[in-house]
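Enquirer: Before I ask anything, here is the structure I am working with.
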Protein chains: 4
Amino acid sequence: MGNTFGHLFRITTFGESHGGGVGVVIDGCPPRLEISESDIQYDLDRRRPGQSKITTPRHESDTCEIISGVFEGKTLGTPIAILVRNKDQRSQDYDEMSVKLRPSHADATYEAKYGIRNWQGGGRSSARETIGRVAAGAIAKKILKQVANVEIIGYVKRIKDLEGMVDPSTVTLENVESNIVRCPDPEMAEKMIDLIDQTRRNKDSIGGVVECVARNIPKGLGQPVFDKLEADLAKGVMSLPASKGFEIGSGFAGTLLTGSEHNDEFYLDETGEIRTTTNRSGGIQGGISNGENIIIRVAFKPTATIGKEQKTVTNTGEETTLAAKGRHDPCVLPRAVPMVEAMVALVLCDHLLRQEGQCGLF
Amino acid sequence: MGNTFGHLFRITTFGESHGGGVGVVIDGCPPRLEISESDIQYDLDRRRPGQSKITTPRHESDTCEIISGVFEGKTLGTPIAILVRNKDQRSQDYDEMSVKLRPSHADATYEAKYGIRNWQGGGRSSARETIGRVAAGAIAKKILKQVANVEIIGYVKRIKDLEGMVDPSTVTLENVESNIVRCPDPEMAEKMIDLIDQTRRNKDSIGGVVECVARNIPKGLGQPVFDKLEADLAKGVMSLPASKGFEIGSGFAGTLLTGSEHNDEFYLDETGEIRTTTNRSGGIQGGISNGENIIIRVAFKPTATIGKEQKTVTNTGEETTLAAKGRHDPCVLPRAVPMVEAMVALVLCDHLLRQEGQCGLF
Amino acid sequence: MGNTFGHLFRITTFGESHGGGVGVVIDGCPPRLEISESDIQYDLDRRRPGQSKITTPRHESDTCEIISGVFEGKTLGTPIAILVRNKDQRSQDYDEMSVKLRPSHADATYEAKYGIRNWQGGGRSSARETIGRVAAGAIAKKILKQVANVEIIGYVKRIKDLEGMVDPSTVTLENVESNIVRCPDPEMAEKMIDLIDQTRRNKDSIGGVVECVARNIPKGLGQPVFDKLEADLAKGVMSLPASKGFEIGSGFAGTLLTGSEHNDEFYLDETGEIRTTTNRSGGIQGGISNGENIIIRVAFKPTATIGKEQKTVTNTGEETTLAAKGRHDPCVLPRAVPMVEAMVALVLCDHLLRQEGQCGLF
Amino acid sequence: MGNTFGHLFRITTFGESHGGGVGVVIDGCPPRLEISESDIQYDLDRRRPGQSKITTPRHESDTCEIISGVFEGKTLGTPIAILVRNKDQRSQDYDEMSVKLRPSHADATYEAKYGIRNWQGGGRSSARETIGRVAAGAIAKKILKQVANVEIIGYVKRIKDLEGMVDPSTVTLENVESNIVRCPDPEMAEKMIDLIDQTRRNKDSIGGVVECVARNIPKGLGQPVFDKLEADLAKGVMSLPASKGFEIGSGFAGTLLTGSEHNDEFYLDETGEIRTTTNRSGGIQGGISNGENIIIRVAFKPTATIGKEQKTVTNTGEETTLAAKGRHDPCVLPRAVPMVEAMVALVLCDHLLRQEGQCGLF
């Protein structure tokens with residue numbers, strides 16, 4: 001009952017890491033948008049495991065098929081179903097996990113809630129579920145770009161204690177994609193890659209922070225009081241696997257300032273538009289976009305599945321230890337970048353459609 | 001369109017800071033729960049302005065009336081409408097604000113979105129809107145308490161850089177209410193009160209962090225993949241006025257650990273129950289409660305409306321300055337405590353009802 | 001959990017027939033619409049009991065108060081809460097009903113479902129609940145009128161076996177309001193009034209059919225495949241008390257024709273617009289409005305509460321008889337007219353807002 | 001945005017008649033239900049074109065694949081995605097329809113709304129879309145059967161003016177399936193088959209009425225005031241292609257009775273259960289099931305696409321004529337039976353889950 005996200009641009013994802021496949025149904029995509037599998041595949045490839053030496057070595061091509069909703073290259077206004085078949089299924093690596101619960105993973109809670117789980121890999125709790133989100137996010141990005149020239153750029157801001165210097169108002173996709181860790185600070189990126197690589201060899205994992213900026217945002221997006229733009233953004237990214245924190249604008253650090261220091265003073269730009277001299281608000285005031293850049297940060301914990309031995313229990317109630325066999329992802333951050341971008345795009349696209357027509361009638 | 005929160009325990013709030021009143025309609029409250037105005041009034045009084053020298057001096061009694069849904073002291077299973085009339089309306093203080101936009105307030109974005117706003121006070125963006133949430137939250141707390149003995153306790157964890165030491169597993173409501181700043185660390189509370197008082201005299205404002213713990217949580221609450229418990233908690237508290245950040249469990253600090261340091265190892269307690277030795281997960285794994293304490297933190301920025309002079313513009317497009325007259329709240333944190341508790345209670349109660357009956361059929 | 005209707009123009013009603021009052025919260029009303037209590041009161045008066053000799057003699061003024069969402073005569077885009085206080089409470093008439101279940105009324109099912117009910121009158125199942133719908137419907141009508149000149153006119157088509165002759169393409173509100181039974185066929189109206197009056201004297205009740213036409217409908221309203229316009233209309237009117245059937249266009253009678261007889265052939269009118277020569281479709285094809293008049297019919301059963309003695313049981317499990325004391329409504333049809341209009345207006349207004357902006361982007 | 005149905009048992013269908021395929025995602029199916037493709041295939045075969053001489057000759061095997069949500073033969077509690085590939089694509093038959101709008105079909109309204117349509121067959125408005133509903137309905141039926149022994153049996157009640165005699169309290173699936181028209185009155189079934197066959201030879205089409213009974217219904221299903229059981233049933237079946245009317249219990253005919261004739265008097269059965277002597281209410285009072293059989297009727301118009309020549313226009317604005325080539329369905333009623341059953345099952349299953357846990361807490 002919790003597999004749908006959005007109101008007017010509404011996605012429903014399905015699929016476990018093992019089984020027939022994973023995918024998404026997008027309901028509410030406006031008609032006559034040009035779209036093809038290749039529009040989607042780019043972000044799927046950025047999300048894909050095995051894309052570099054610092055991600056999980058699980059090799060999946062993650063090729064998507066558009067099942068419905070597109071005719072002669074254009075959207076019909078009907079639901080767009082996208083399917084990615086599962087392929088690389090070495091389930092023998094998971095045999096141990098059919099009884100042993102991985103610490104800080106969803107094994108135990110799924111078992112407690114549902115009384116059943118697909119123990120081959122993470123099942124529904126696998127990051128593989130995000131394929132549907134990323135596919136839908138690619139379409140949302142395209143809509144936002146065409147309608148309002150909105151640009152959404154995510155990047156790795158911090159890996160463990162290694163923090164990059166990035167200017168959110170100028171960073172480009174090319175900067176982000178210039179290295180495999182997706183940190184647009186080239187020097188720090190090198191260090192991050194080394195740290196991840198070393199962590200992988202230690203059979204351990206690390207986390208960090210993804211920052212995401214959305215530029216050229218129309219004023220007026222967001223629906224107070226519960227569907228405030230930052231509230232929906234928070235929900236979106238906090239529903240990603242491994243996320244533990246969310247900030248907008250000044251975030252937690254902003255609590256160290258006084259009001260007179262923190263407030264974004266207004267001025268009129270050369271076109272007479274109301275702007276703010278600073279952007280501690282992160283582009284949103286009172287739950288509604290003010291036209292400045294939207295800037296959020298998401299904390300991702302270190303991946304739960306590790307090769308190191310840990311204490312745990314079995315689902316039949318015995319204490320034991322577990323050292324995960326085979327593949328595991330030392331750091332999800334580089335792959336989390338397109339996931340965060342997708343959630344931001346989905347929220348913004350939904351609110352763009354909600355804004356349209358609602359406030360311009362009288 | 002964004003004024004409803006929750007799926008099975010669903011609230012809709014209404015009302016501006018000025019006008020007939022504010023309130024809430026609660027749909028989905030189970031029948032036969034004993035409820036009266038006094039159950040609700042306690043938390044409304046904790047949220048009320050003018051309750052102490054460190055909050056806004058706006059004096060409002062905020063007396064609630066249950067309009068519907070209760071018969072002979074018990075809920076009917078029908079919608080519970082609760083109304084609080086507006087009283088203290090010194091709108092002449094707001095005359096200046098009918099043209100001048102308060103920096104970092106919602107004035108400009110409401111104007112941009114709706115082309116109209118109730119400039120008497122914050123209108124819909126006023127913290128006064130949270131009366132409906134707190135009233136509904138009081139009922140949600142009562143349900144959670146009766147059904148599963150759930151305890152929800154919020155408190156001020158930090159004011160600016162003054163951080164209290166609090167043990168979330170033992171803190172009580174009495175501890176919290178023992179001082180006017182609602183920080184259960186008595187020594188630090190004194191310092192916080194002094195700092196707020198001094199800030200008030202400076203015509204400035206400060207922010208901080210509210211922490212909230214929910215104890216005795218049944219296992220299995222939460223609906224992957226989008227309605228994960230932490231995602232709904234994040235949305236709930238990030239929809240509160242002035243919130244800028246959300247964390248669960250280890251939060252942003254958890255990104256500094258490795259997986260082997262961060263993972264919560266499992267063990268079996270004396271009753272054979274699966275427990276975790278640590279709780280960096282904050283009581284939720286894979287979006288589903290694991291029975292450990294749920295612990296979240298919310299960052300609140302310093303209040304936007306201050307007495308100090310600031311640069312701003314008018315809604316007719318002229319640059320000017322503004323120093324807010326009369327009352328203003330130097331620090332929202334003490335009053336934010338019941339607001340955070342309410343949102344946590346609303347989310348947990350909704351998921352409690354969603355869990356019931358859905359997973360126990362076969 | 002079922003007290004909300006609509007997606008973008010979304011109403012939540014509350015209140016029992018006895019207690020503090022009844023009302024509605026409207027979320028999604030566009031800003032800057034001029035609105036006042038008098039806009040709403042007209043339809044409330046048409047719905048009001050005691051308005052004529054052929055309705056229930058229960059005397060209630062049903063005066064509405066707009067609590068929120070309107071500022072200086074215009075909507076703010078925030079929730080509009082409307083409250084009507086309960087007044088005429090002769091609950092001693094209901095004492096018997098605290099134990100005896102009225103046949104074909106909701107007493108027994110509410111008791112079975114909730115284990116509690118407000119036995120003073122119908123409680124939540126009372127037609128009094130429709131006050132909130134009619135109030136919201138009045139606003140929806142005003143929006144539709146201003147945006148697209150849509151006219152919604154309901155009328156009594158049939159009372160028992162007395163059927164009026166009415167041309168839906170020309171009937172006016174004045175025609176409808178020219179007699180107390182709201183049948184725009186004056187001769188048949190006389191007969192209907194006589195029949196209702198005689199039924200009232202017999203301590204019995206009768207039902208009939210309300211027809212409703214909506215004219216000047218924009219093409220393109222409706223959201224396949226589940227939120228087809230006729231599906232939402234059906235749900236709307238079938239949620240009214242005492243409704244037992246719904247038809248659109250040719251309805252049940254249309255099943256007696258062949259396809260070649262039933263199909264509405266297309267032609268081009270003088271402006272080049274695609275029109276249909278007949279309108280057996282009732283203005284909707286494939287769930288989407290085609291610009292022709294939308295015509296629906298709703299069957300209302302005879303009122304359940306009657307003065308005649310009937311066999312029944314008590315809620316403590318004894319067989320008994322019941323002859324309802326005091327007031328009862330011999331025929332709900334005249335008062336059902338504004339209820340049906342309201343539901344039609346609510347559905348159309350919701351779909352108008354859903355249509356805006358969704359299909360015009362590319 | 002209108003492709004999702006249900007709240008707790010929630011389905012989203014996708015797919016056009018031509019393209020990759022059609023299907024459904026079911027969210028909210030309880031875990032640990034045994035389910036396989038064969039459970040679903042039975043009803044898909046009853047819905048399938050080409051199943052007999054009186055349906056459309058379009059030959060499609062409509063073989064379903066469960067993509068997700070099932071593991072080792074049991075549901076996981078995660079979304080169940082079901083896909084049926086499109087096969088029989090003789091799109092040259094549709095070439096003419098790329099420009100000519102079929103009278104009383106959805107061609108013109110889709111074109112008006114979306115500015116684009118898949119003119120190969122009905123696209124999204126095709127009855128082929130109902131595959132997803134029927135597949136989900138099969139699972140809903142299984143849940144209802146296992147949890148409460150609910151039986152849902154639909155049948156053809158009337159074809160044009162040929163009406164069968166059927167006792168809804170005793171009719172069986174075997175009775176229904178004993179002939180190709182699915183009317184459990186064998187003599188009338190013969191006449192119906194002859195009439196349909198003759199109509200097919202005339203290149204014309206006919207409609208009729210499907211009746212559906214649901215037996216062994218738990219008391220208490222339904223959520224007043226908008227999500228009344230009959231309101232959701234009405235919405236469900238009125239969203240089926242070609243439906244023009246809905247009745248519950250006494251329906252339109254009930255309006256010819258007086259209240260004293262129409263009311264269902266209560267009595268206590270041998271077990272002390274409150275029952276009604278008659279069932280003009282159709283199993284629902286005040287929007288809530290009373291435990292008696294739920295009986296509804298749905299009017300289906302004659303199929304719009306016919307071989308006879310009709311006047312129409314092109315989408316480029318010229319008047320013309322159209323005689324549909326090749327295949328067409330002379331009467332949708334036999335295939336509509338599983339569709340109606342599916343919608344009834346989906347509504348009941350959704351309300352069963354909504355009822356669980358909501359009213360039994362205190």
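The backbone N, Cα and C atoms fix where each Cβ goes, and this holds for glycine too.
In case it helps, Swiss-Prot gives these features for our protein:
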type	residues	note
BINDING	C:ARG47	NADP(+) binding site
BINDING	C:ARG124, C:SER125, C:SER126, C:GLY286, C:LYS301, C:PRO302, C:THR303, C:ALA304, C:THR305, C:ARG327	FMN binding site
Enquirer: From the binding-site residues C:ARG124, C:SER126, C:LYS301, C:THR303, C:THR305, pick the residue whose C-alpha lies nearest to the C-alpha of the residue listed as 'NADP(+) binding site'.
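Expert: Among C:ARG124, C:SER126, C:LYS301, C:THR303, C:THR305, C:SER126.
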Enquirer: Across the record's FMN-binding residues C:ARG124, C:SER125, C:SER126, C:GLY286, C:LYS301, C:PRO302, C:THR303, C:ALA304, C:THR305, C:ARG327, the largest CA-CA distance in angstrom?
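Expert: If we measure all Cα pairs in C:ARG124, C:SER125, C:SER126, C:GLY286, C:LYS301, C:PRO302, C:THR303, C:ALA304, C:THR305, C:ARG327, the largest is 45 Å.
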Enquirer: Between C:ARG47, C:ARG124, C:LYS301, which of the binding-site residues has its C-beta surrounded by the fewest other C-beta atoms within 10 Å?
Expert: C:ARG47
Enquirer: Within 10 Å of the Cβ of C:THR305 (FMN binding site), how many other Cβ atoms can be counted across all chains shown?
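Expert: Result for C:THR305 (FMN binding site): 21 other Cβ atoms within 10 Å.
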Enquirer: Which of these binding-site residues, C:ARG47, C:SER126, C:THR303, C:THR305, are close to chain B by Cβ (under 8 Å)?
Expert: none
Enquirer: I need the least crowded one of these binding-site residues (C:SER126, C:THR303), counting other C-beta atoms within 10 angstroms of each C-beta.
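Expert: Checked C:SER126, C:THR303; of these binding-site residues, fewest Cβ neighbours within 10 Å: C:SER126.
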